[in-house]
Structures are given as structure tokens and as C-alpha cells.
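The structure under discussion appears below in the form of C-alpha cells.
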Amino acid sequence: MLMRKVPGFVPASPWGLRLPQKFLFLLFLSGLVTLCFGALFLLPHSSRLKRLFLAPRTQQPGLEVVAEIAGHAPAREQEPPPNPAPAAPAPGEDDPSSWASPRRRKGGLRRTRPTGPRVEATAARGNSIPASRPGDEGVPFRFDFNAFRSRLRHPVLGTRADESQEPQSQVRAQREKIKEMMQFAWQSYKRYAMGKNELRPLTKDGYEGNMFGGLSGATVIDSLDTLYLMELKEEFQEAKAWVEESFHLNVKLQEFCQSGEASLFEVNIRYIGGLLSAFYLTGEEVFRIKAIRLGEKLLPAFNTPTGIPKGVVSFKSGNWGWATAGSSSILAEFGSLHLEFLHLTELSGNQVFAEKVRNIRKVLRKIEKPFGLYPNFLSPVSGNWVQHHVSVGGLGDSFYEYLIKSWLMSGKTDMEAKNMYYEALEAIETYLLNVSPGGLTYIAEWRGGILDHKMGHLACFSGGMIALGAEDAKEEKRAHYRELAAQITKTCHESYARSDTKLGPEAFWFNSGREAVATQLSESYYILRPEVVESYMYLWRQTHNPIYREWGWEVVLALEKYCRTEAGFSGIQDVYSSTPNHDNKQQSFFLAETLKYLYLLFSEDDLLSLEDWVFNTEAHPLPVNHSDSSGRAWGRH
């Protein structure tokens, strides 16, 4: 039937809709489609859907490593890339590539595919790895390892002496004995405690301790550079493999941390120092990346009103902030960050590390110091000294060490460090230095003007420190400081010579007619400490007086006789007993410091030459800045 056209009539659509209704329906439908596609591209977790519609983008090289160092590692696991090209060796040095793939003994550490993320260890390609620069996200930063090695003045592993010379053959045999001790200590640790922080040789198991906040493998990382310089190539590769496969910093905090709190000082000098030195010696990027990552984890410790960091870092809180335990910070702890943090800036391009430690200097320069002395405790809240206890031993020691070494490491441009060191040394000499009735020179402890006439084993590093700084003192003071260094080192040797074991006590006194001996059992123990042999090494290199090698060999023989056990080396509880009990602990610093300094004492001077390297307070070598420019970290103060 035909429809009439009458005024006001609108024909219906095929779906029974009039035209205005059809228009509104289409408008609604188009809006719905737009909303769906917008959600597809803008809502979180839509990346998989985007791949259905967008062509894949070519990723800019290095961006994954930038994300990794910034703390945002990709979730997926990556296959390891080809090994980087070996760095050019310093003149006269063996090619580092010879260390790349040694044959392993049967029963050696087996390399397995890790179960956790290992992006930080495997994303590296070549000798330069991008790292994020603050304020310049996504722009790759590259450290030129080859250029660094070319600026060293001596081969890292030194030159070889003429082996036909008879005097050298004896020294070589002594050096080989120390190398065997290191090999035995490492193999015992690997067999019974691999991955734990330290070995317990009597019970033949591992020990984690409570200083590291759940970090593991302190002995591995502390041993890396010692294994390298002793040319224990297979053992070094075992340690490196553990770092690559088991030392993870990007897992969940609740899985990563056990006790939750760690010593900022110990993590810095052992872990960061060990990783930095391993990188500078080998060019292996895994060490650089992990050092930077760990350094970033420590930065919240500086979030205090003064910028003086708390001594304890809380890893368990979820934000890596500082813990609330304790009300003051310790001079030796916040004063022993400078060397490592400057190198973190040098290797990352991130100025925040250098800025943090420069601020510490700024606070210390402004604060009034009693008689020019630095007390051991400072409030990180008020910036005031908490009590007037001054010591060059425990609580204060490495602060002074890092002043003179900052001056040397900067290529002698850090005038602030130089001035602070010599000013502090003059105050120490004026108020703390004493000579006993028996003619022994020692550095006492100062408590608000009253002296404790004792010296700790930790203070015995000071002979080496004073010898190291003598060259750059005022001309009229140089000979005096060399003699002072020798006298303090002689006193520390006497603390060894006057014990039954020929090993030194933890502390020794000068009173009641007794000199250089402990007066109570609680101070009579020896825990494999390095400070005395450290001074022997520095005095040997300064003077080549054979007495220091004689004294060093006495220590080797005593360690073998009293500290070596079936399954490693152990400290002893009483140095005045000819049959001492063991403390069942092979300290990680025994491998990092004691054996390293003994090995250097019986080596040529150009093995880790003091022209090229300074040692952090855990004996990890860090390079002197030989760059023509001031560099990213060093500056001129």
C-alpha cells in the first residue's frame, strides 16, 4: 500500500527508527567505540594489546641498562650477551682475556642458570655500559675503561723480578707461601660456606652475622681483588661467577633481607669497595653495575637534618631508609665514605654520591672542634658533638686515613682534605701522643681532657698512614713524620713480640710498669686483624728496611701455627696462651686485608703501585685520578 506524503510525517528507518532516533543511536555507538580504543591505549597494563595494533619499535641501545641502574629492571629474564671485548692491558701486563675461561678442577663451583633476575649482570655489552645521569634521563653514560688503564703509570700486576737472583728466590718462596694460605682460606670457605658471609672453620659451616642487613657473600666480594692480584685465576672466576649469578639487588626486599638492618660503613667498605676495585682491576661490567646499584640503595641513609648519615641502614622497611637505632653517628663510619662515593660518581655520572660526602666535609669544617680534635660521636640531627671521646683507634681511625688518601686519590688536588689531615695530625701529636718510660711511642685515647694510656690494635694502622702522608707535609716536618711512623710501628710490633703466640692483642696498655700488653682477658684476643702488617707494608715501601719483612714473616709463621685449622683460619681468644682456643670465625677481612698486605710486603713495589692506587680501609685498591681534567667526581677544593 502506498504511503501518502502528509505534512509532518517522517518515514521510519528499516529498523523501525525515525531519522532523529537513528542519528542519536549512531552518535552513541561512535562514542562507545572511541572510549574502548582510548582505554586500549591509555589504561595501565595495556602494552600487550598495543602490540596487536602497533608496529614494534626498535629499542634504543642501553635503555634496559639505564632502567636497571635506576632500579626498574625488566621483568623478563634475558640471555647473557657475548662477553665484552677485553680491555687493553697496561704496558707490560698480561692480557686480561687470559682470565676469561680457565679450566675448572673436578668438583669446582658449578655454574648454573640462576632462578632469580640477573639483568644487571647480563645486560652489559662491551666495556662501556650506559648509566643514568640525573636530569638527563635516557642519555647513555659511558666510562672509558681503556683510557683509564692507559693512564696508569705501572702495570697493575707489576713487573717480574729476575728469578735467577738468590735473594729474590727466598722472597718469592715467602710470597708463594702467603699465596697458598689465601688459596687454602678460599677453598675452605668455598667448600663449607659458599655464599654465606663468613666461614666458621671449626663447625665447618657458614655464618651470616648481623652487620649486613641480609646481604650475603661478604667473603666472596672481599676476596675478589686479592685473588686477582695473586693470580689465582680459577678461584677468581669462581668468585666472579657467584657475583653474576647469586648476588642480586633487584629482588623483593622481604626476600632479599633477613635481619633488615645493616651497617652503612661495613656495606660501603666491603661490598661497594670490593666491587669497585674488582671493576677497576678487570673491566668486568658486572662489578660496576652492582656497585652503582648498591650505592643507590644506601642514599636514603643521608636523609637527616644535617646530611650526616645514620650508621645503620634499614633494608626491611621497604624504602631503604635509615634505622632509628642510636642517637649519634660515629666519626669513623660517616668519615669513611669519601673514597668509594667519589668513584661511584666517576663510574655512574651521577653527582649525588659526591655531593653527599662533600656535605659531610662541609659540616665538619664548620663545627667547633675541641683543641682541634675530632670527637668520635656526632648527632646527625643537631650537627653537634655528642661526647668528647677522641680515638685514633676504633670509632675514629679511618676518618683520618680517608683524609690523606682523598688528597692522594685526587691527584693531589683536594686541598681541603690535605689541610684537614695535617691540622688533625698536629692536634693528635699535641694532645694524644706519648712516650712510655720504656721508650715506646703510642697514641693514647682522650676523654674530655683525661688520657687513657692504651692503644688498640685498630690504631696500629696509623704508622702506615703517617708514613704515607710524610712526603706531602711541610718540608721541615717530613723527616719527623717518617721517624714518628717508624716508632709507632715499632710499638705495635712490641705488642706482638710480648705475647706467647707472637700475635697482638685487641688492646694494650702503658701503666703500672707494664707496657704494650693487655691487662685483662677481654682485650687479649686476636681476630686475624690486618692493621700491624698494613703498617709493615707501607714502611717497607717507604724505606726498604728489611726489618719489616722480618716482622711480617713472624706474623705468617704465627698465623700458621696458632690460627690455621683443618678447615680454614680462625681467630684466637688469648694471645698470651701457648695453647689458645679458637673463636671459630674466618673473618672476611682476613682475605681482603691481612693476606693481601702480607703478599704486597713480599712483592715488588710496582704491584699495585702507590703512584696509581690507594687502598680503602678494607684494603680494596681504588685508582688515583691521573686524568688531565678534574673529572666528574674530583673537582678542586
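Backbone N, Cα and C atoms are what each Cβ position is placed from, and that goes for glycine too.
Per TrEMBL, transmembrane segment is recorded for 23-43.
The region 'Disordered' annotation in TrEMBL covers 74-137.
Feature annotation from TrEMBL assigns compositional bias 'Pro residues' to 80-89.
Residues or ranges marked as active site in TrEMBL: D397 (among others).
Around the Cβ of E531 (active site), the number of neighbouring Cβ atoms within 10 Å comes to 24. Summarising the annotation, TrEMBL assigns active site to E531 (among others).
Sequence-distant neighbours of T617 (Ca(2+) binding site) (same chain, 6+ apart, CB under 8 A from its CB) are I269, S336, D397, S398, E401, Y402. Residues annotated as Ca(2+) binding site in TrEMBL: T617.
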Just how many other Cβ atoms lie inside 10 Å of the Cβ on D397 (active site)?
25
